[in-house]
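Contents: one structure, followed by commentary.
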Amino acid sequence: MSGRVWLYGFVALTAAYLVLPIMAVVPAAFSAQSFIKLPPEAWSLRWWTAFAADASWRRTLVTSLQVAALTTVVAAVAGTAAALGIDRCGPRLKLLFGALFLGPVVTPVIVIAVALYAMARAAGLVGTLTALVLAHTMLALPYVVLNVGVSLGGLDRRLLQAAAGLGAGPWRIFRTVTLPLIAPGVIGGAVFAFVTSFDEVVLSIFLSGPTVKTLPVRIWEEIRVEYTPLVAVAATIMLTLALLAALVSRLMTRRAAA
Amino acid sequence: MSGAGGTGKGAAAALMAPALVVVAVVFLAPLVRLFAMSFEAKAGPLAAYLEVLGDPIYRHVFVNTFVVSATVTAVAIAIAYPTAFALTRIGPAWRTLLFACVLFPLWISVLVRTFSWMLLLERNGPINRVLVGSGLIDQPLSLLFNRTGVLIGMVQVLLPYAVLPIYAAVLRIDPALIRASEGLGASRLRTFLSVLLPLSMRGVATAATFVFLLALGFFITPALLGGPASMTLSMLIDSLVNERLDWPLAAAASMVLMVAALIVVGLAGRFVSVRAIAEAHR
């Protein structure tokens, strides 16, 4: 019996270690002081007002949302198409393309960042939206391909044959049969793509410029030197958006399972 | 016709084309270019590699990276195993809650999580205040800008990647085997050592591979929580590019890191599926 108590105690501690530290930035964002002390001695919204009033912080948030939105669209469309293409390949090609799309997942991200920086610098693309969107799309693609691939695996092929037998063309079959059935996978992949892009730091540090800079890059720059509760506000915004995305994804999988 | 309807190979190629172009242009081409750059040192084609592998300062960085990655892996597995085991044993309501605690951090940016640790581990941060206030220690511990901070932060960030594969492995074990072992009079420890552990070894191997692989290339957490003495390979690559502007050296160091990662994947590939690794990743 005491073994059980130990196990439960251990698990509770692990859960606390996993979750509680993440929340530490939230109280820091509601501090009334001009420096971060946890927990704050007095509470206020002054740093939220300061964030809203600061054009440069606002711009990084807008840039982040722009990059994440564009990445989501490009990755969802290209990734879904790729998953459909892989689905049509024989087993050997399936393995090959699967491995190719997994490349960015197993390569250390700093290596990709430095390589991309060298290339983007030569092409004059450092500090552009294009470079950030392309880089984020490359990172997000594997998740879309995997997610849609799983959905395609569970697809009842007889429905497609029925549609074809009734005279529907490939595009019509895709639009009216395949897409609605794999929609949870596509949306799940799109949500991953959004979060991947919105949270991405390492590639963005190398590819951002003074005018095109994402929110995480600004946070990174600030906390390496000297930070105020303003950074905690920015981090809390990131946290909130990630939570919303997790919630959307959870609702989608629920619906898919139902 | 093996797929979801359609007209054969041409259609498959056309569908994959956009994604393949992105991977080719943004992933493969830059890596090939970086590989070429690693041989472009002024002192000769192999000079960058000789410097990266021969210089004692750089060797210290390699050793530190390896020690940090191995320690993080060992600690993460030691925490993950009982957690994964408990997940298979507790009631459904608690399991859902614990699962949420394991999966939730994966949604939160590593940068945000690391920033949180900076606030918590500070000299005057809450952890030190509690420890000093409770009389456990007299002086605040230095938990930040050294290896301790890096380990605390990295284990927390990588722990979910260790729990998930082990949980999947433990779940696959037939409970009848455990009952049989206990019914035959084996102690709990004996059951664990001769039934559970061997049967869940694949999961442990997958978890260890994945955590070690991610730890090798980790940048944000060691860069923010570590100090100059605890420099890792990814921090070195960053400083070679951004401070010393030595591209051939940075490229050579990158290739060494990539080869190390490929060796880990290659060795692990004998007994774990790389695909399983990627699938555990979200």
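Any Cβ shown, glycine's included, is placed from N, Cα and C.
For B:12-37 (among others), the entry in TrEMBL reads transmembrane segment.
Taken from TrEMBL, the feature transmembrane segment applies to B:57-81 (among others).
Here TrEMBL flags B:62-268 as domain 'ABC transmembrane type-1'.
Long-range Cβ contacts of the transmembrane segment (B:93-112) within its own chain (Cβ-Cβ under 8 Å, at least 6 residues beyond either end) map to 83, 86-87, 156-157, 159-160, 163-164, 220-221, 282. Per TrEMBL, transmembrane segment is recorded for B:93-112 (among others).
Within the same chain, residues 68, 71-73, 75-77, 79-81, 83-85, 87-88, 102-103, 105-106, 110, 113-114, 117, 121, 143, 196, 199-204, 206-208, 210-211, 214-215, 218, 221-222, 224-226, 230, 276-277, 280-281 sit at least 6 positions outside the transmembrane segment (B:150-171) and bring their C-beta atoms closer than 8 Å to a C-beta of that stretch. Look at TrEMBL and you will find B:150-171 (among others) tagged as transmembrane segment.
According to TrEMBL, the transmembrane segment annotation covers B:192-225 (among others). Here the transmembrane segment (B:192-225) has Cβ contacts under 8 Å with residues 65, 68-70, 72-73, 76-77, 80-81, 84-85, 110-111, 113-115, 117-118, 121, 144-145, 149-150, 152-154, 157-158, 161-170, 172-173, 177-178, 181, 186, 231-235, 238, 257, 260-261, 264-265, 268, 271-273, 276-277, 280-281 of the same chain, all six or more residues outside its ends.
Residues annotated as transmembrane segment in TrEMBL: B:245-272 (among others).
The list of residues near the transmembrane segment (B:245-272) in space but at least 6 beyond its ends in sequence, with Cβ under 8 angstroms from a Cβ of it, reads 31, 34-35, 37-42, 47-49, 51-53, 58, 62, 202, 205-206, 209, 212-213, 216-217, 233-234, 236-237.
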